[in-house]
Amino acid sequence: MGEDAAQAEKFQHPNTDMLQEKPSNPSPMPSSTPSPSLNLGSTEEAIRDNSQVNAVTVHTLLDKLVNMLDAVRENQHNMEQRQINLEGSVKGIQNDLTKLSKYQASTSNTVSKLLEKSRKVSAHTRAVRERLEKQCVQVKRLENNHAQLLRRNHFKVLIFQEESEIPASVFVKEPVPSTAEGKELADENKSLEETLHNVDLSSDDELPGDEEALEDSAEEKMEESRAEKIKRSSLKKVDSLKKAFSRQNIEKKMNKLGTKIVSVERREKIKKSLTPNHQKASSGKSSPFKVSPLSFGRKKIREGESSAENETKLEEQVQDDHEEGSFTEGLSEASLPSGLLEGSAEDAEKSALRGNNSGVGSNADLTIEEDEEEESVALQQAQQVRYESGYMLNSKEMEESSEKHVQAAVLHVDQTA
């Protein structure tokens, strides 16, 4: 740029140089005078030369300016590209920084977790150390106690008797035992407990720690022995129940019941003893069948008999009447439906109560009056029952009984003292 400016100055001031050169030329010819025509021609040429020089300089300057502008444009374009590259690199750096921040957060979380775990582990290690220290102390105590026991040569032997069985008399419940029997049972229980207890064969010179340990073991064994006692007692109770409900016991009970059943000879006697005079017709409305009434005999007192004998005879008669009533009830229950059995049971209870009252009471007159309709219905039902059971009376006896029962039946019982 400085060179271009210097050249432009040179082109602008060529006249000055020419003027300086021209005065030097006319000096050798001082006598000659310049002509005006020559001066005019020279000035025109100089002007032309100056104009040409100026145009060239301007053209060159313009070219240089264009070149300079092109260079500036290229430089700007390069700068723009560099700026774009810088922006991309800056963005990459920012992304890398965000990733680094994320990694740092994750690492901080992991580090915090590791710190928490290390704290927990340290707490566990402390607890384990404390436990180990306590165990070491206990082991040292046990070693000392063991050494002392070995020095003294005293041992405690625990004997557990598994084979000793409990007698069955302990579990059998007797009805209201006396004081002596209660004492004997208490002594037996004490002896059993003593046999089941542990046997102490050591002296009392041992340390309290050993005694506590041995007492704990003894209590555990006692609890085991109690559980075994309960098991044995339950098994024995089950065996006793099985024996109670065995076939032999059931057969014995059935035999006892069979002896109570009325035999064939007794039935024949009951047939003969039945008379229509002493039959009592139950109400036809309440019960549909007839129950045999109680028979009250009237006997005279002989001279050699006492009142006690008369009472025994009356009781025997009452028992016979009860047996007859039970026999007739059984026959009626076998033949009639279950709906009719309720009336028979009620009539049997009423007749039994009347019989007992008649045997116990003193001089009493029992009067039984019944309607004709009720008696006829009762007689018909009694005939049906006896026909079904195979114990029918003869037609003549039934006619006589019907004729006698049409009238009101009155029974007088006189008990002599």
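Think of each number as a place in line: the chain as shown, counted from 1.
The backbone N, Cα and C atoms fix where each Cβ goes, and this holds for glycine too.
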From S51, S240, the one Swiss-Prot labels phosphoserine: S51
What range among 61-87, 385-411 does Swiss-Prot record as coiled coil? 61-87
Candidate set S217, S225, S338, S351, annotation phosphoserine, source Swiss-Prot, matching residue: S217
Looking only at the coiled coil (126-267), what is the mean pLDDT? 70
